[in-house]
Amino acid sequence: MLPTESARELQTKERKHKGNLGKQLARALSSDLNRLLQEEQETDVSLCVSSGFRLRAHKAVLLARAPHLLQGTSQNASTINLQGTEPSDLKEHVRRIYTDDECLGKGTASSAGLHGHSQLTNGTVVEEDGEFHASSGPDSVRLEPSSGLGADLLALYERAESCDISIQVGERVFSAHRAILCARSQYFRAMLCGSWMESSRQCITLQGLGSDEMEVLLHFMYGAIMDLPPGTNVSQVVLAADMLGLEGLKDVAEMVLTRDYCRFFPKPVEGVQRSILECLAISHSIGLHNLYDACV
């Protein structure tokens, strides 16, 4: 097969695999946000209509997806009164805010009446003097979210706007939103919504993973990203994803290994046998059993 034909075949297979993976990740993100809404975990605002009906919601999701609902309210407001809306219409509208795939968050921090840091890039370094300084790193790489919902949430994360929890990993501190962490990670749901001592803390420290991996994990939790930044240690990402209960991120890592090492298993496989053997060893060491079986 000619090099140009091989490249075209690889691109075609990658588009197909990413398309299928993206649909899977988008469904999971929508389902996670819907569960967050239904179970009312970490709610911090009530939407009220004239009939007296109240719907518990999350400012982080509203800020990312429907900032107009927060317009004119103070940052600490716990109740938002809505006029001319029936309870059934409100419930359906909020359900769409939490679950629809398309981008909805057209507003900015200023138009929403909230005072966030819309020009900041998330992820800071803690210096010995205790001050915070913006740092460059994997967060500067633009990664494609799987849906408009993911794009809106990822934009909120990157603005570090109205965050209510900090995560320290090594020398870096990441600002995040408790609601999103609980919605997306079994580990954080147990930690922040359960009886762990960290449940009442505004800053938590995570051991056993690096800051680069944490950045990838947060991009996935918010945006359901479909790829990994160049140079990512895929094995470390898989181990970290396993720790936090992010099965979808392990699927992303499997796609990356299949593409970068196995070239999506072309036929014939001449020229990629050695890298497939490398992938065989990697997939075995980190427990990606389906990929291991494919490499055998």
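For all residues, glycine too, the Cβ spot is worked out from N, Cα and C.
Automatic, uncurated: that is what TrEMBL annotation is.
Going by TrEMBL, these are the annotated features:
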COMPBIAS  1-13  compositional bias 'Basic and acidic residues'
DOMAIN    43-106  domain 'BTB'
DOMAIN    163-230  domain 'BTB'
REGION    1-21  region 'Disordered'
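Helix, strand and coil counts from DSSP across the domain 'BTB' (163-230) read 32 helix, 14 strand, 22 coil. The helix, strand and coil residue counts that DSSP assigns across the domain 'BTB' (43-106) are 24 helix, 13 strand, 27 coil. On the 0 to 100 pLDDT scale, the model's mean across the domain 'BTB' (163-230) is 92. Here the region 'Disordered' (1-21) has, by DSSP, the following mix of helix, strand and coil residues: 19 helix, 0 strand, 2 coil.
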